[in-house]
């Protein structure tokens, strides 16, 4: 079906009736800097379609091009024309190949802003992914007059109830919170024709499936259901058979791992892992890195160790308060800090273009988790590294993951070729469009030179006293306006489950840092 539509669409062009006028509007677009990084066939192996071939609204095309999109990726070519027809879709594609835009673009095209009803529900498994997806909707649809609302657990219902008193066309959120709003008759889904699940394999796991089934009861029977994911377990087929009508199946997983990611392992004893990580920091040319641990406790302990070594570091996990998680996510995406230590909270769908190195400080237990972790680098066909610190107990997991994914994880060489992961022009890496008002952006954002954007990391002790470089030093001392307890606050203290630790090279003068309370829920 998609091939037939593609053939028809290749000959389709928008026109307002006058020669040459169809391209005149492009000259007035506020286009971002061109991203000239090398891309792999994961996103370049297309049928040659253009976004104009889909007969989209001009205002939507303007948002697409101003967001930096040039041509549709393979998953977008396959899904957009089918989604526009209203047919149910089961789409499977690799991490970081443009799945979000593959369902957001047809959604924005089909929504009528004159109808003050919820017309699309987008479900995601985590709060961070909900924020990211809602921002994509707002960015691509900024010329359409469409209202987008994001709602997740961990916050009060009052603000959501007030927000829903005004027209909302798209709701992006986590299942539990949406069910609360629908069950209280605050969110009216009775005329919502589109039901979308991103990271569908996670949403159809045991913990979410009952909620998903209940949510579907609030939708009309003739709704369009679209599922997108990188992996489709049997639970997805069961859901499809029960709740979808002749879904169009898209499978672009000729292989599971992204071609741009080079994978290595280093065999180290547990007690030598921090030393090994320090060596990697000193030798790799890191733009931004994400370091994964297998527990929230180890996340905090490792973040403390990295700070003590003198490197800038954020941490995030599910037991942190929501406002702290939001701030960490926002600031890391905008390049305020170079390294992020986290649990598997951020393995799902998170798109940070500047991340070129992922380190599994703790090796994952299964292939699915490994696949999603390493997919945080090498986004959208670009290059990246995945480095795994392996101890004796991990050796069988390493073998099993290689077998299950059909990939090879090589021993780390003494020297890693920079061409495998280093960007020649890091200043051209796209940064997300912030939704903070002007003047409220982090102080360091937008002030990095290309040399600061990408360099070998050096401990803070080597920096001139009082003048830490961007991405270096204890970030709280560089950004004193952030009084958040999860940003190491100068000095040392205890509170709940967390700690605050004094960084080196900063300007903090004592005080106490506090971690998340013991009773905070994920």
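Each Cβ is built from the backbone N, Cα and C atoms, and glycine gets one as well.
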Candidate ranges 1-44, 45-88 [criterion: Swiss-Prot lists as region 'Disordered']: 1-44
Where Swiss-Prot places motif 'DEAD box' among the ranges 190-193, 194-197, 198-201, 202-205: 198-201
Other CB atoms, at most 10 A from the CB of residue 93 (ATP binding site): 24
Under 8 Å by Cβ from residue 98 (ATP binding site), same chain, sequence gap 6 or more: 43, 72, 73, 75, 76, 380
Residues within 8 Å of the 93, 94, 95, 96, 97, 98, 99, 100 Cβ centre (excluding the ATP site residues themselves): 73, 75, 102, 230, 380
Close in space, distant in sequence - residue 99 (ATP binding site), Cβ under 8 Å, 6 or more apart: 75, 91, 93, 198, 228
Per-residue pLDDT averaged over the motif 'DEAD box' (198-201), given as an integer: 92
Cβ neighbours of residue 94 (ATP binding site) where a neighbour is any other Cβ within 10 Å: 24
